[in-house]
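> Submitted below is the structure of interest, expressed as structure tokens.
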Amino acid sequence: TEFVFLAYPTHLELQVLVFLGISLVYTMILTGNILIVAAIQMEARLHTPMYYLLDSLSIVEIWYTATVVPHILVNTMKRHKAITLLGCATQMLFFIGLGSTDCFLLAVMAYDRYVVICSPLQYLLIMTQKFCVNLVVASMVIGFILSLQLVAFIFHLPFCHSRGIEHFFCDVPPVIRLTCTHTHLHELSVLVAGTLAIAFTFLLIAISYALIAIAVLSIHSTSGRRRAFSTCSSHLMVVLLQYGCCVFMYLRPNSSYSPKQDQLLSLVYILGTPLLNPLIYTLRNSEVKGALRSIITRNVFSKKS
């Protein structure tokens, strides 16, 4: 009826240290992503397809971390670090669903960059508000369909008497190892879902950037190439960071599973990636920085008046 998490520290001093560290990082994640959402929502000049997609990505990242990080913080200080079977399935459903949505949104953002560089005159005709909304909704629907199928498959399998999960939360690799029937079919189901959510979207991103590279190389002026590259550099950094972790975690054989290694890697993609995303998009984006400055300035002057 329940699982017990075994990856948490047992010493009180270490528990407090981990709690404070994760709380600090989580606060920075929420602050960074909320600032991006606020800047895009409040600044009329940022009401463009590119920033609408960035706004959607930040909102997904906020919910993505909220599915596991508060639960990790609570469990860090609890004596009995357990979760019910239904709670575990629900957490996995939203974690995989929102993570898959994140991957599809990154692919949509790559397509947006392709259109703006390769077909600039038709950009506003192609990337209409309705089309962007449909792309975001489709990303979420497909992400949760993949997640629902995977979670339903895993939790219909018989679990062994051992109920200890060598992890901080209900992720696919540590949970599927508790099933009593280890066959290639189980590995294949995870691989298929991972391929659709990770490999397929990465292929779309790679094709978009290959076409972008061809278009940029055809630009004769150095300033034009630099301007085209600057529109893609932030997104490309986020893609490499996100997919580097996901590929290693989900697109690999079950035989290479290592609990300690996976625990460390999971902290990178549930804390590191959502923390760096807003930093990359704000520090390398003059329009977002300008919008944040104008919002802060307006608030300061309104308080003084």
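Using the three backbone atoms N, Cα and C, a Cβ is placed for every residue, glycine included.
All annotation found in TrEMBL is predicted automatically rather than curated by experts.
Remember, predicted model here, so these are calculated numbers, not experimental data.
As annotated in TrEMBL:
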DOMAIN    32-281  domain 'G-protein coupled receptors family 1 profile'
TRANSMEM  16-40  transmembrane segment
TRANSMEM  52-73  transmembrane segment
TRANSMEM  93-111  transmembrane segment
TRANSMEM  131-155  transmembrane segment
TRANSMEM  191-217  transmembrane segment
TRANSMEM  229-251  transmembrane segment
TRANSMEM  263-283  transmembrane segment
> Are there three or more C-beta pairs under 8 angstroms joining the transmembrane segment (16-40) and the transmembrane segment (191-217), sequence spacing 6 or more?
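Taking Cβ pairs at least 6 residues apart, the transmembrane segment (16-40) and the transmembrane segment (191-217) are not in contact, as fewer than 3 fall under 8 Å.
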> Excluding the flanking five residues on each side, which residues at least 6 beyond the ends of the transmembrane segment (16-40) place their CB within less than 8 Å of a CB in that stretch?
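Sequence-distant neighbours of the transmembrane segment (16-40): 8-9, 46-47, 51-52, 54-55, 58-59, 61-62, 65, 69-70, 72-73, 76-77, 271, 274-275, 277-279, 281-282, 288, 291-292, 295.
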> Of the listed stretches (52-73, 93-111, 131-155), which one yields the highest count of Cβ-Cβ distances below 8 Å with the transmembrane segment (263-283)?
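The listed stretch sharing the most Cβ pairs with the transmembrane segment (263-283) is 52-73.
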> Across the domain 'G-protein coupled receptors family 1 profile' (32-281), what does the mean pLDDT come to, as a whole number?
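Value for the domain 'G-protein coupled receptors family 1 profile' (32-281), mean pLDDT as a whole number: 84.
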